[in-house]
Structures are given as C-alpha cells and as structure tokens.
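Here is the structure we will look at, set down as structure tokens.
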Amino acid sequence: MYLSTARLAPVARTDGPVRRLLSGNVLALGLVSLVTDVSAEMVTAILPAYLVLGLHLTTVQYGMIDGLHAGMTALFRLGGGYAADRWRLRKAVAGFGYGLSALAKLGLLAAGPSVAGIGGALAADRVGKGLRTPPRDALITMSVPEPMLGRAFGVHRTMDGVGAFLGPLAALGVLALAGSGQAFPAVFVASFCAAALGVLLLVLFVRDRREPAVRVEPRAWSPPWRLLATAEFRRVWLAAVLLGLVTIGDGFVYLLLQRREDLSIMWFPLLAVGTNLAYLLLATPLGWLADRIGRGTTVAAGCAALLGVYVLLATGGGSIPLILLLYGAFYAATDGVLMACTGPVVPERWRTSGMAVVQTGQALAYLVSSLAFGAAWQVWGPAAACWAAAAGAALALPLCGRWLR
Amino acid sequence: MRGRVVIAVVAAVVLAGVAVGFARLSGDARSAATLSAAPPASPSARSPLWSGVLARSTADGAEYGRLVIAGPRGREVLPLSCVRAYAAGGTGICLREQADAPGSYETVLFDRSLRQTWSSPFAGVPSRARVSASGRMVAWTVFVQGDSYAAAGAFSTRAGILDTRTGDVAGTLETFAVTLDGRPYEATDVNFWGVTFAADDNRFYATMSTRGREYLVEGDFAARRVRTLREGVECPSLSPDGTRLAYKKPRPDGTWRPAVLDLATMAETPLAETRGIDDQPAWLDDRTVMYGVARDTRHADVWAVPADGGGRPSLLVPDAESPAPLG
C-alpha cells in the first residue's frame, strides 16, 4: 500500500477557461490513477513472494536494489516538473511516466532471475512515478476553478485510493485464476495490461491546457527552487515540509499497534487496508470541506487527527479501528488539500515545478522524520517517542493552519 | 468523443482478455505441480522409509515441489507439496501454499504417517523451517512486507516457535527480551530468522539483525529471552552432539559460504565449499553438513561436505533442496 512512500500531491487554481466542477478532465485523471494503482499494487502485493520464493533472492540483495533508487525519484520529480513547464508538455511528461511504469512491468517479466534486470525494472517504475506525479497534479489544478480545487483533488484521491484498494485483490484474482500462488508472470502480464489501459485512457481523455503562445522570456532559465523566493509559495512549502516532519511513517504506526495488541501477523496487512479505506472514503468529503471552510483549517484538522493518533499510541488508549480512522483522516485532510493549496501560489507558467518542489520537500522531510523517530524509539522507548511525535503534530497544527490560509 | 469511448472500451476488453488468458494458460502449465496436498491413504507402509534425507524436490514435472525421501532404497516421492520443510523425531513441518487461497501460506505439522496434526495460516512468505531433534519444538521463519521502518517497500522477517507438547506459541521472537553485547536492547528494526534447537527443547540459536548487523543469538524459549553471542553468523544449525553450529557466513559480496563454529572455543572453520549458498545448513551426522545449492531460480541440488573443513563437497541428493536428516 502506500506505506511510507509519502504521497505528495500538488495544487493550483485556474485562471484560464473555467470548467465545471469535476470536469471530465479530473474524472479522466482519476480513472487513469485508479487503473494505474491497480497495476502498481498488484505487483507490490506479490513482489516479496516473487523475490524470495521465485528467485531465491535474499533480503540483503533486495535491500541493495531498493536503496539504489530512493533518491532517484526525487531527482526525476524535479527534472520532469521542470521539463513539463519549460516546454508546456505536462500531458506528454505524465504520459511518458505512466508509459515507463507500464513497460517496467514487462521488464520484470523479461528480467527473469537477473538481479540487475529486476533492479533496473523497479528503478524504471520509480522514475516513471516520479515523472508523472507533478504534471498529473498540475493538470488537475488546471481543470477546475480555484474555489473547487479541494473537491477536485478529493475526488482524484478517492479514485486513486480505490485503485490501491483493488490492486491486491486483483493480484489474488489472477493467482486464483492460474491456480497457483507462484504464477508471478501472470500477475506481471495482468499488471502491464492495466497500466497500458491507464496510458491509453490518458491519451484519449485527458486534455492539457493549450495556453496561448506564451511570451517566453527567451533565456530566462528559472530553476524550480527559484519559486521559493516568493513568500506565499514558501509558506506552502514550509507547511509541506512540516507535515513531512511530523509524519512518522505507516510502518511505525502499524508496528506499534501490532505490538500493543499482540496482533497476529495474519491481521497485520489489514492495518494498511483499514487506513486506505478511511482515506479513500474521506478524501472527497474533506476536499469539499476544504473548499467550504478553508484549506488551512482542514489541514490543521488533519494535524489534530494525527495528534490524536500519536496520543492514543503513546497512552495505549483507543481501539484499532478508531486509530486507523484518524490516521486515514489525516491523510485525507492533508494529501490532496496540500496540493490544492500549492496551485494558487505558483504562477501557472511554473505550476508543475511548484508541485514537484512541494512534493520533494515533503518527501525528504518525511525521510528525515522516520529516521528521527526510529532513533527516538531506540533511545527513549516507544511511548516517549510517540509523545515527541505528538508534540510535533501539536506544533504543526496552528502553523499549517496559518501558512495555508 | 464517442469514437474515443469505443476505442477505450475495446482496448479494455482486449487487455482484460490478454490478462485472463495468460493467467489461465500459466495455470494449466502448473496445475500438476501444485495439486494434492492431501494426506496419504496408506500410512503404514511409510515407516520403514522414515530414514535417509527428507528434502523438497526441484525435479521438473509432477514431482516439483513435493517432499522426497532419499534413502538406502532410492528416492520416494511423498504426496505432500511444501515450499520449505524439515522433520526430526517423528515431527515434520511443512510451509505450504493454502490449497484454497493461492498466494496465502500456512504452517502444517505432520507425523510419521504424514497425517496433519496442526496447522496455522500466516501472512508472509515462507523462508525457513526447523524441528528440534526430539520432534517437540518447531520453528518457522517468514518474510513479511509492511514493516517499512527501513526503506520503503523493504520487507522483514518473522520467526515463530511452537512447543507441540504444551501448545505454547511465540508468534514472533520480536517480543522476546533482547540482550545485545551484555546490555538490554530495544529497537524497532529487530528481525529474527533461522532457528535451531538444543537438546533440552528450550534453548535455541537463531540469527538476529538490527541496524544492518547480523548476530548469532542464544535464546531461552521458556524465559522469552535472547542474548547475542557474536556477529557474522546466519541461519545456524546445531550439530547432533550439540557442540558446533553450522551456518551461512555472510560475505562482503552479498553471498554466503558455509562454516562451522565450535561453541566451546568460538573457533570458526570455513568449510570446503566455495560456491555461494543460501540455505540453512543441516547436519547429516556429526561429521557431515548438508545444504541446498541453487542451479538456477527453479532447480537446486543437495550437497554434503565434511564438517572439519577438509575434503570436498559431494552431491548428496540431486534435484532437491531444504534437506533434513531422518535418523
């Protein structure tokens, strides 16, 4: 599931032709994400079994493969965002990213037992994800009028979440059809088919905004981080970084739940399922709420939910469903809404880059926070580490609320 | 617009057809290998064969994945399919795919007549299995995904132990109290794998990893405690006389070589095997260590090598892996 790969999303407003709420474009992008997430989560669901049983790969080798491209995604995110803006190729860059991830599924099939081949295919998949996310979110912002951005992102994230939810089920379905838990090639082929459908849907139904020929400042090469020079954008970026810093990571949350309830490992994967369910159910209503009562307020409410999670984890209070509900609510109140906040503060000319800068900042902050939380757990013990995280969330609550007004 | 919708619908149908068709076809090719995990009909004839080496067959065809017994009377294929297996003292453990839920796995215990005596599903991918010499204690290791305290998407291990006499289960050793280098230790990233039992059916050895290092630990099941003994030992296996551990010694290039550790002196003896192995070794007898060597991703052979570091590896059971000595 989403474990940790901080899902970052960007925002924008429209100053171009105003489209009706939830324009076809948003639904089309949502559909593309849904189908693509089915594809991605199918592979995620069977990857451990494939690597361990199918290929006799060891954890050490897998760790090496995985470590190789953690940083690459961020780099490609910024690069893709810049290219999309520079040459007005948002749809093309997004399509390239989706296409690359689709081909990566065939790459897994073709790589066979080659560790380098598998590493390459997984790297291509991540590069594709890095490339497509900012232009996709930029396209969403350009599809609806500014006051409806929250709803647009909410709907998109709900559809995205439905895909993530269906993916593992689809993988099980393919395995059941094949009658074997080791029919890995069948899952890769099915995953490719879903991804290819996603690309096709993008090509057929997603429209890029054709702005009038831009009076480009011919040689004004403006690096994306130049955006940070404006105070408005900096505040949104700081809020994103702060959110990244106070998110300790799904893995830790689930581990704490599992330990305190002495949950059978049978049930462990269901924790992620529960969070995802809450996320996808709440993303749309909370996006709508954000348009009504203000995005900063909604993000602050998300921080409050996160604070609740940490306090319950620290004290051992609350039930598992309640904690998962709060945790999913936190994601639903912040993920899309944060992107809805980004759009309006970035000139349309650099919107994709702006999204990429915000997403990358949040992702890097998130990396730092999970390391810090791990260290705090080690030194102070889990309860104290949770209190520290709660203090962080309590601090982020008013700050995010203010910065994202 | 209508044209595009038609294209999309047609494409969706075609792609779904490809996906389903491919799954169907790959299913047919494999169904022979995964059928029948049912207990056998004629248990009585089994007992004389309960000697030799039990292993998992990697021979192509209907035998693939079945347990085999390679003994004085040749190779007998058992009707039991497992991903990992071990047996000792009349107790067998089989980590296998659940018949009605492909992709889900369960631990099954069986007796000398291959009757199922206990089973429990688990979430994860089977990795190791072991039984104490008396047949009373059983242990299993599985990979799980989702702990993600490390890199995103990385997966970790869970090792569990069951006392078949009392029914006492430790679902994961991560709940045990850890003493690292003599000091109490608590961390989130602790993983255990590759358990082996001492003769008293309480003490055990295993691998513990934390912060990127792998330790040999000695555990006390009743007291729910483990303590580290040294580094650089993975998947230990205690010799029948209880004096030495055979194990995989990690090497800088990410492969392992088998070695033997003398528990009295802590002296390490590399074995005369130069290939990389990734299997928990087992002792054929007090002088011989055996282990599976992969030929490719689907096939492996069981090799044996003297435990004193001399001699040369010799092929023990072709087309097999995951060996266990049967008295």
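Quick reminder: no glycine exception, Cβ is built from N, Cα and C everywhere.
Curation does not apply to TrEMBL; its annotations are automatic.
Here TrEMBL flags A:21-40 (among others) as transmembrane segment. Sequence-distant contacts of the transmembrane segment (A:21-40) (same chain, at least 6 residues past either end, Cβ-Cβ under 8 Å): 98, 101-102, 105, 125, 129, 136, 139-140, 143-145, 148, 151-152, 155-156, 158-164, 166-167, 170, 191-192, 194-195, 197-198, 201-202, 205-207.
Nonlocal intrachain contacts for the transmembrane segment (A:158-178), taken as residues 6+ away from its ends with a CB within less than 8 angstroms of a stretch CB, comprise 1-2, 27, 30-31, 33-46, 186-187, 190-191, 194, 273, 276-277, 279-281, 283-284. The transmembrane segment feature in TrEMBL is assigned to A:158-178 (among others).
Residues or ranges marked as transmembrane segment by TrEMBL: A:184-206 (among others).
Sequence annotations record features per position, and here TrEMBL assigns transmembrane segment to A:236-257 (among others).
Annotated transmembrane segment per TrEMBL: A:263-282 (among others), in sequence order.
As annotated by TrEMBL, transmembrane segment applies to A:379-400 (among others).
Within its own chain, the transmembrane segment (A:184-206) is flanked in space by residues 24-25, 28-29, 31-33, 35-36, 38-40, 42-43, 46, 49-50, 54, 91, 94-95, 98-99, 101-103, 105-106, 108-109, 139, 170-171, 174-175, 177-178, which lie at least six positions past its ends and keep a Cβ under 8 Å from the stretch.
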